[in-house]
Every structure is written in C-alpha cells, then in structure tokens.
Amino acid sequence: MEKENITIDPRSSFTPSSSADIPVPPDGLVQRSTRIKRIQTTAMLLLFFAAVINYLDRSSLSVANLTIREELGLSATEIGALLSVFSLAYGIAQLPCGPLLDRKGPRLMLGLGMFFWSLFQAMSGMVHNFTQFVLVRIGMGIGEAPMNPCGVKVINDWFNIKERGRPMGFFNAASTIGVAVSPPILAAMMLVMGWRGMFITIGVLGIFLAIGWYMLYRNREHVELTAVEQAYLNAGSVNARRDPLSFAEWRSLFRNRTMWGMMLGFSGINYTAWLYLAWLPGYLQTAYNLDLKSTGLMAAIPFLFGAAGMLVNGYVTDWLVKGGMAPIKSRKICIIAGMFCSAAFTLIVPQATTSMTAVLLIGMALFCIHFAGTSCWGLIHVAVASRMTASVGSIQNFASFICASFAPIITGFIVDTTHSFRLALIICGCVTAAGALAYIFLVRQPINDPRKD
C-alpha cells in the first residue's frame with residue numbers, strides 16, 4: 001500500500017503536519033500534542049465499538065444454544081463442535097494474519113476482517129442444518145482473526161511505552177463488556193425477532209462499523225508526524241520501528257523460549273475464557289433450570305466482573321511501572337497471580353448450591369483471568385521489538401485458540417455423557433494453573449529483534 005498524503009480539515013485527528021512545525025523539546029522532554037490526543041481518542045472509541053460487536057457475535061450462539069438445539073435437532077456435543085470450529089479457524093488464521101498486519105496495517109486488516117465476519121454472522125441466521133452452520137462458523141473465525149492483533153498494533157503505534165497499560169485495559173474491557181451486555185440484549189432480541197433475526201441484525205450492524213473504521217482510521221506510517229509527535233510516541237522505547245519481518249525472521253520466533261512460554265501460558269487463559277463464553281448460559285439453564293430471560297440477566301454478571309478485571313489491570317500495571325518496577329516483571333506478576341486465583345475459583349464452582357453463588361464464583365474466576373489476560377497482551381508491548389508485535393501477538397493468539405477450541409467440544413461431550421459440568425470445570429482449572437507455570441518457567445527474556453542478534 002502506498003503512503004497516503006492526507007489533506008483534510010485541520011481540525012481532524014488525522015491531519016498531517018510538517019516535522020518542522022514544532023521543534024523537538026530539549027533535555028528529553030516529550031509532549032503529547034492535541035492532534036495525537038484526538039487520534040488516540042478516535043482510535044480507542046472505534047476499537048471499543050469493534051470489540052463490543054465482536055463479542056456480541058461470539059456470544060450469539062452461546063445465548064441461543066438451547067433454542068438452536070431444539071429447532072435444528074442438535075446435541076450438546078454438536079453445539080460444542082460449532083463453538084470449537086470457530087475457535088479452531090480463528091486460531092489457524094492467526095498465523096498469516098500477523099505478517100499481513102505488519103505489512104498492510106490495522107486499517108485494511110481490521111476493516112476487511114470486520115466486514116467478512118459480520119457477513120458470515122448475518123448468514124448464520126439463514127442456516128438450516130449442522131453442515132451449513134459449520135461453514136459459516138469457519139468463515140466467522142477467519143474474519144475475526146485480525147481483531148486482537150490489530151488492537152495491539154494500534155495501541156503500540158499511538159501510545160508510548162509508559163502509557164499503554166490503561167488503553168490496553170480499556171480495549172480488553174470492551175470485549176468483556178460486549179460479552180456482559182450480550183446475554184440480556186441477545187435474549188431480548190430473540191424474544192422479539194427469534195434467533196435468526198438476532199444473527200442477521202448484529203451482522204448488519206458490524207458491516208456498517210467496518211465501513212466506519214476504514215473511513216476514519218489511518219495507519220501511523222500514513223500520517224506525517226511532527227518531530228515532537230515522533231518523540232512522544234517513541235519515548236521509552238528500546239527498539240526502533242523497522243521494516244516488517246521476513247518469513248525467515250517470523251519462522252525464527254518458533255525457536256524462541258519466551259515465545260513458547262507466551263503460547264502455552266496464554267492457552268491456559270483462553271481455555272478458561274472460551275469455556276465460560278461458550279457454555280455459561282447453557283450451564284445456568286441446565287444446572288439451575290433458569291428460563292431464557294433469567295439466564296440473560298444472570299449470565300451478564302460474571303462478564304462484568306471480567307471487564308472490571310481488565311480495567312483494574314491497566315491501573316495496577318501502570319502504578320507498578322511508575323513505582324519503579326521493570327515493565328516485564330510487573331506484567332508477569334499480574335499474569336501469574338491472576339491465573340492461579342482464577343484456577344482456584346473455577347475449581348470451587350462445582351461446589352456451589354445456588355445459581356447466585358455459582359455466578360459470583362464464576363465472576364471472580366473471570367475477574368482474575370481477564371486481569372491476567374490484559375497483562376499478557378501488555379507483555380507484548382514491553383518485551384517484544386516494535387516491528388514484531390503483530391507477529392508475536394498473532395502467534396500467541398494462534399496457539400491459545402487452538403487450545404481453546406477444545407474447551408467447547410470437550411465440555412459438550414462431558415455434558416452429553418455425564419449430564420454434569422463438574423468434570424469440565426475441574427479440567428479447566430487445571431489447564432489454567434498449567435498456563436501460569438509456563439509463564440513462570442519459560443518467559444524470562446524479552447524477544448529481541450533478530451537483526452540485532
């Protein structure tokens with residue numbers, strides 16, 4: 001893609017300016033310009049709405065679980081397979097997504113991804129059998145693949161290293177807010193227009209948002225920044241911005257011990273997150289005999305806890321770094337503590353005797369796992385060279401979603417064979433704890449630019 005010379009209203013967030021406009025401040029002093037503030041605000045608002053729509057899409061099948069099973073005659077294992085095939089397609093698509101994102105940037109990648117995942121979401125409302133559903137779920141998984149790597153890339157591009165904690169928490173919280181508002185919103189939509197109308201409506205909204213993203217957002221390399229703006233954005237960064245990775249450099253990441261620690265560790269986080277995302281409404285309906293309306297309200301509560309965990313993480317990591325703790329160490333502490341606590345709460349869930357007790361325990365498990373997960377993405381910002389962030393993020397996501405793809409189908413199979421979620425929750429807690437151990441023993445050194453090795 002050629003570099004754009006943007007000539008728009010000077011009040012716009014993305015108006016270019018000559019590097020000679022403002023001198024670089026002396027003595028290392030950096031300032032955030034009004035234009036950079038507007039760019040950051042615009043980018044974060046667009047990412048927020050994209051993340052909410054993204055998780056409305058992901059939650060739709062979970063909320064409509066029992067209704068779709070009855071209409072299409074599907075078993076719990078088949079529903080689990082539909083949930084798993086999405087995750088598997090999403091994970092595999094992460095591999096080409098990273099290098100493409102490093103080359104094409106978030107504007108094109110997220111715009112196209114959002115358009116196609118929303119198109120397949122709308123098509124989900126038109127299926128009539130299991131095979132058709134599998135195909136549209138695969139399409140959705142591929143389309144959604146750029147979402148998180150694009151978010152990481154946008155934040156890495158438009159915030160300097162000391163100010164990325166809160167925007168990362170905000171971005172991640174948006175996804176959980178999407179999950180939290182999904183059950184009551186989707187349940188209400190189903191009561192009014194049925195599950196088919198729900199899928200189609202959400203898909204159309206996503207298509208409009210995709211068009212808005214492409215029209216409003218600009219990649220950093222396509223904006224002519226002043227010297228002061230460059231100084232602000234690069235402040236504290238050890239690694240300079242360079243050319244995208246070659247295939248050989250990308251392949252070399254799989255020989256890096258820290259990369260494997262991130263892959264295995266984040267797999268523990270995504271297994272837990274995806275199990276609850278896929279099966280929480282079904283669990284509440286099956287274990288506690290809740291109706292659709294009550295399920296919609298109760299299922300929202302744990303995900304609000306998860307959103308809170310993401311937001312709290314941003315403040316905690318920024319506070320630790322400003323207090324003198326090394327950025328990598330601050331993220332690792334949050335990751336490991338959050339994962340062990342989440343595992344403990346998940347293991348206690350089967351002991352709950354009331355739906356409210358179960359919801360609160362799951363809420364604490366999600367608070368802790370999303371607290372940890374936010375630092376996993378934050379770790380990429382501080383432990384990885386800038387030109388490699390998208391590739392590392394996509395590889396991490398690839399591994400974690402391959403692992404997470406087993407959670408729905410394993411859970412569905414266990415429910416079909418034991419008529420209980422107990423064993424599925426125990427397995428989940430153990431996987432989470434194993435992920436924490438991967439961060440302890442494998443993630444010890446930053447991932448440096450191979451050109452400097």
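Backbone N, Cα and C define each Cβ position, glycine as well.
Feature annotation from Swiss-Prot assigns topological domain 'Periplasmic' to 1-42 (among others).
Here Swiss-Prot flags 1-23 as region 'Disordered'.
If you look up Swiss-Prot, you'll see 10-20 marked as compositional bias 'Polar residues'.
With a cut-off of 8 Å between Cβ atoms, the residues of this chain six or more beyond the transmembrane segment (43-63) that come close are 79, 82-83, 86, 110, 114, 117-118, 121, 124, 137, 140, 144, 147, 150-151, 154, 158, 167, 170-171, 174-179, 181-183, 185-187, 190, 195, 198-199, 202-203, 205-206, 209, 212-213, 216-217, 277-282, 295-296, 299. Positions annotated as transmembrane segment by Swiss-Prot: 43-63 (among others).
The topological domain 'Cytoplasmic' annotation in Swiss-Prot covers 64-71 (among others). Within the same chain, residues 78-79, 186, 190, 195, 198, 279, 281-282, 285, 292 sit at least 6 positions outside the topological domain 'Cytoplasmic' (64-71) and bring their C-beta atoms closer than 8 Å to a C-beta of that stretch.
Residues or ranges marked as transmembrane segment by Swiss-Prot: 72-92 (among others).
The list of residues near the topological domain 'Periplasmic' (93-107) in space but at least 6 beyond its ends in sequence, with Cβ under 8 angstroms from a Cβ of it, reads 1, 141-142, 145-146, 149-150, 153-154, 157, 213-214, 217-222, 244-245, 247, 250, 387-388, 390-395, 397-398, 401. Swiss-Prot lists 93-107 (among others) with the feature topological domain 'Periplasmic', giving sequence analysis as the kind of evidence.
The feature transmembrane segment is assigned by Swiss-Prot to 108-128 (among others), with sequence analysis given as support.
The topological domain 'Cytoplasmic' annotation in Swiss-Prot covers 129-174 (among others) and rests on sequence analysis. Per-residue pLDDT, averaged over the topological domain 'Cytoplasmic' (129-174), rounds to 87.
Residues 51-56, 58-60, 63-64, 67-68, 71, 125, 201, 277, 281, 292-293, 295-301, 303-304, 306-307, 309-310, 366, 370 of the same chain, all 6+ positions outside the transmembrane segment (175-195), place their C-beta atoms under 8 angstroms from a C-beta of that stretch. If you look up Swiss-Prot, you'll see 175-195 (among others) marked as transmembrane segment.
Feature annotation from Swiss-Prot assigns transmembrane segment to 197-217 (among others).
The feature topological domain 'Cytoplasmic' is assigned by Swiss-Prot to 218-259 (among others).
Taken from Swiss-Prot, the feature transmembrane segment covers 260-280 (among others), and the record attributes it to sequence analysis.
Marked as topological domain 'Periplasmic' by Swiss-Prot on the basis of sequence analysis: 281-295 (among others).
Under the heading transmembrane segment, Swiss-Prot lists 296-316 (among others).
Annotation source Swiss-Prot lists topological domain 'Cytoplasmic' at 317-332 (among others). Distant neighbours of the topological domain 'Cytoplasmic' (317-332): 161-163, 165-166, 374-376, 378-379, 381-383, 439, 443, 446; these residues of the same chain sit at least 6 beyond its ends, with a Cβ under 8 Å from one of its Cβ atoms.
Residues 148, 152, 156, 164-165, 168-169, 172-173, 176, 262, 265-266, 269-270, 272-273, 276, 280, 301-310, 312-314, 316-317, 328, 330-332, 334-339, 341-342, 345-346, 348-349, 352, 389, 392-393, 396, 432, 443 of the same chain lie 6 or more positions beyond the ends of the transmembrane segment (360-380) yet place their CB under 8 Å from a CB of it. The list of residues near the transmembrane segment (423-443) in space but at least 6 beyond its ends in sequence, with Cβ under 8 angstroms from a Cβ of it, reads 257-258, 260-262, 264-269, 271-272, 275, 279, 332, 335-336, 339-340, 342-344, 346-347, 349-350, 369, 379, 383, 403, 407, 410-411, 414-415. Tallying C-beta pairs under 8 angstroms between the transmembrane segment (333-353) and each of 72-92, 197-217, 260-280, 296-316, 395-415 places 260-280 first. Taken residue by residue, the topological domain 'Cytoplasmic' (381-394) breaks down under DSSP into 12 helix, 1 strand, 1 coil. Each residue of the topological domain 'Periplasmic' (281-295) gets a DSSP state, and the totals for helix, strand and coil are 12 helix, 0 strand, 3 coil.
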